[in-house]
Amino acid sequence: MPDPSPSRTTPFSRPVRLFFALWPDFDTVRALTQWCQQAHGACGGRIMRADTLHLTLAFLGETAPALVQPLVDETRRRRIEPGQVILSRLGAFPRPRIVWAGPADDGDNPDEGAGRLASEHRQLWDWVAALHPARPETRFRPHVTLLRDADTRLLPPAPAQPIAWRFDRYVLVASAQDGRSRYQILAETLA
Ligand code: 2AM
């Protein structure tokens, strides 16, 4: 994980871009890194740094500084049922030239994969909406960005071995865009 969550959040003096995400454990990062390499061999582009790989559950966008601490406090009070997501797909967003890994659209088990993530997304917005004016994304598309500036027309099939990602927490992240993505974890929820 990037900057481990500080016990006290650095106050922000300007609006800050926030999102909630699942942050992968070491084995998941290692597996995702192999997917990055394979996809890069076909599509080129820019491989995401291992320490920035994540799956966004809710995107809040630019947030007034005064809202940050209440979101941090509430995140720390929240709990998540541990779960697992199986990443078995490679997909692309052609316009931003992104190649991503994601769960199968939905398997038989709604407690895993895309169904489980959609449920976490909804539950998150249920409490965030009371603290933040952002609206939920119109369409939630769970994915881990692997490559940017890639030639998405050359998207290869997904690697044969799916990635079983066990999670037991989500994190609130601040993102600074200054040429390269820099993420700071502000708070995490625990099972
Ligand atoms: P991306 O990787 O597909 O760009 C930090 O920018 C995180 O929030 C990334 O996971 C990014 O997805 C996601 N994100 C950025 N803008 C978004 C938006 N308008 N709606 C949903 N997610 C967004």
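Using N, Cα and C of the backbone, Cβ positions are placed for all residues, glycine too.
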Where TrEMBL places motif 'HXTX 2' among the ranges 31-34, 143-146, 187-190: 143-146
For the motif 'HXTX 2' (143-146), the mean pLDDT of the predicted model: 98
Residue among the active-site residues His54, His143 whose Cβ has the most other Cβ atoms within 10 Å: His54
For the motif 'HXTX 1' (54-57), sequence-distant contacts whose Cβ falls under 8 Å of one of its Cβ atoms, 6 or more beyond its ends: 19-24, 85, 117, 120-121, 124, 142-144, 170, 173, 183
Secondary structure at His54 (active site, proton donor), reduced by DSSP to three states: coil
